[in-house]
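K.L.:
A single structure is presented below for examination.
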Amino acid sequence: IRRRIELIQDFEMPTVSTKIKVSRDGQYIMAVGTYKPRVRCFDTYQLSQKFERCLDSEVVTFEILSDDYSKIVFLQCGRFVEFHSQHGHYYRTRIPKFGRDFSYHYPSCDLYFVGASSEVYRLNLEQGRFLNSLQTEASESNVCDVNPVHFLFAMGTAEGKVECWDPRTRNRVGLLDCALSSVTADTEIEGLPSISALKFDGALNMAVGTSTGQVLLYDLRSSNPLIVKDHHYGLPIKSIQFQHQLDLIISADSRIIKMWNKDTGKIFTSMEPEHDINDVCLYPNSGMLMTANEAPKMNIYYIPVLGPAPKWCSFLDNLTEELEENPESTVYDDYKFVTRKDLENLGLAHLIGSSLLRAYMHGFFMDIRLYHKAKMMANPFAYEEYRREKIRQKIEETRAQRVQLKKLPKVNKELALKLIEEEGEEQQISKKRKQKNLPSLLKDDRFKVMFENPDFQVDEQSEEFRLLNPLVSKISEKRKRKLKILEELEAQGQEEEEEPEGKASDAESSESSDDEKGWVEEVRKQRKLLRQEEKLKRQERLKEDQQTLLKPQFFEIKEGEEFRSFKDSAKKQKLMKKTLEDRLKLEEKLGTLNVSDTTVGSKQATFKLKKSEQQRKQQEAEKRHRQERKSLRRSASHLKSRRGRGRLFH
């Protein structure tokens with residue numbers, strides 16, 4: 001805060017600033033923002049705010065028609081067009097469709113409105129009425145601009161095209177397909193690029209910004225762009241400005257401001273503010289730049305290379321000259337950058353949020369003295385460890401100068417030795433031929449495990465190895481012979497391959513045929529040996545089987561069980577398939593339901609069947625039925641006895 005220079009007092013908005021412009025006389029800076037929707041005017045001569053006016057709805061864009069702040073037009077969200085004069089609100093009207101941008105045509109006093117419609121609405125400020133609209137081929141239009149020299153009207157559409165109209169004849173005079181031209185070999189585009197920014201420069205140049213982050217510079221006499229500049233962020237271009245002293249184009253999206261040469265496309269510089277950018281305004285004929293951001297504070301940048309400071313803040317030039325004459329140390333020269341994890345290791349995590357730490361990117365800056373003190377307290381033996389490490393490095397350096405023995409790996413030592421020998425021979429040949437050495441298999445990470453993991457140990461007793469080993473050995477012998485022949489040829493200075501002296505080609509061919517016969521015989525011998533070994537193994541297995549005697553096996557019966565016959569096991573298996581209820585009923589009939597064992601602790605287990613409610617009701621009904629039948633039998637027998645007595649009496 002002590003090093004900050006505040007040019008204009010309270011140069012900010014309550015929440016967000018959306019647009020910022022400078023009057024033509026350079027005395028007033030006007031900005032609109034929220035919340036609540038308002039416009040603020042700052043007087044540069046007084047370096048303070050001149051007035052503030054609140055509005056009914058948010059401002060999409062605005063235009064200063066006069067040299068000062070006396071005539072202003074606001075395009076608002078609710079299709080309203082509001083006119084302000086020097087004293088305040090003057091008039092308000094509406095357009096048929098929602099507007100996105102407008103431009104003022106000075107010769108005819110016409111306002112051209114573009115927006116969510118295929119028509120361009122014209123409002124004449126001299127007559128105070130709407131004129132016939134311009135009918136375009138576009139479904140919607142995003143931006144528009146009027147050339148300050150010959151007053152050609154241009155509008156950018158949502159389809160990625162720019163339509164140029166002559167206001168005198170109200171006819172379209174040109175059409176540019178910018179969406180097609182913005183796609184180059186290096187760009188990656190998602191979706192159809194629409195036009196998001198448009199700006200004229202002089203009579204012939206026009207810059208177009210797309211919604212996918214490309215800026216195209218056109219000469220109005222050609223349909224192809226002179227240069228295509230990509231921001232590489234994929235964000236819509238918000239603003240385009242021209243800087244004539246250095247022939248620069250200042251283009252900005254919501255993330256970055258880029259300055260680049262309009263002839264070569266070479267980057268001059270770039271700026272990334274802390275907050276997203278909504279609009280950029282270049283103060284005329286100076287090196288001052290102002291931005292409207294997604295934050296209350298509106299930023300002001302002064303770049304002396306672009307031009308001098310404005311006359312109302314000429315003291316900035318003196319300040320920059322003093323800074324160049326007396327270069328000071330940067331702000332963070334005496335500070336150490338630490339991350340949150342480093343603070344936890346040092347035990348300083350409780351200092352987060354205090355004045356001892358300055359938040360920066362993904363960590364913090366802290367005083368270097370405090371860092372050294374905390375490190376000494378956290379690890380007092382750090383210097384001793386550092387000293388030991390340095391001594392060890394010095395010893396290793398001296399050891400490297402000695403004669404080093406080749407250390408073989410623990411796994412596949414013979415294979416490693418063979419590779420080392422072959423590598424040495426190939427290096428000697430490559431040195432003579434001045435060729436590049438091939439990478440070693442021992443140092444290659446892909447084959448590193450083969451010499452470390454015991455699972456990859458070559459089994460020399462296996463059948464595959466014994467059958468392949470004669471062939472491999474013969475091939476290696478051939479290779480060594482060939483290497484010797486090549487060395488002899490190189491020693492004699494022969495550039496072409498020739499037959500060595502004292503040996504004809506027939507002799508060489510006969511030698512190769514003898515070699516082939518030799519390894520074939522070796523393979524046959526190995527196969528015979530393998531068959532004999534298998535035969536011996538089979539005989540040994542038969543002898544072992546004959547020597548083994550089959551002994552009878554005894555089984556112990558559990559306590560409490562009686563052995564009747566082996567058929568009981570089949571009965572038990574059938575019984576286990578039945579339900580518990582059926583098994584208990586069967587045991588109840590057989591009388592084996594109660595099991596007692598007096599051998600250990602006089603245990604006794606009794607099982608009782610718990611009847612369900614339905615079974616109980618059924619049994620009760622059957623019982624009642626039996627009782628009724630008994631009573632009926634008794635009554636019937638009683639009647640018979642009485643009848644027999646009556647007959648006897650008669």
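Glycine too: its Cβ is placed from the backbone N, Cα and C atoms.
Here TrEMBL flags 3-326 as domain 'Nucleolar protein 10-like N-terminal'. Per TrEMBL, domain 'Nucleolar protein 10-like second' is recorded for 331-379. Residues annotated as domain 'NUC153' in TrEMBL: 444-470. The compositional bias 'Acidic residues' feature in TrEMBL is assigned to 490-500. Annotated region 'Disordered' per TrEMBL: 490-519, 594-650, in sequence order. Summarising the annotation, TrEMBL assigns compositional bias 'Polar residues' to 594-605. Among the features that TrEMBL reports, compositional bias 'Basic and acidic residues' is placed at 610-625. The compositional bias 'Basic residues' annotation in TrEMBL covers 626-650.
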K.L.:
List, by number or range, the same-chain residues at least 6 past the domain 'NUC153' (444-470) whose CB is under 8 A from its CB atoms?
P.N.:
409-412, 414-416, 519, 522-523, 526-527, 529-530
K.L.:
Which residue counts does DSSP give the domain 'Nucleolar protein 10-like second' (331-379) for helix, strand and coil?
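P.N.:
Taking each residue of the domain 'Nucleolar protein 10-like second' (331-379) in turn, the totals are 21 helix, 14 strand, 14 coil.
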K.L.:
Work out, from DSSP, the number of helix, strand and coil residues along the compositional bias 'Basic and acidic residues' (610-625).
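P.N.:
Final tally across the stretch: 13 helix, 0 strand, 3 coil.
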K.L.:
For the domain 'Nucleolar protein 10-like N-terminal' (3-326), provide the mean pLDDT of the predicted model.
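P.N.:
The answer is 90, the mean pLDDT of the model over that range.
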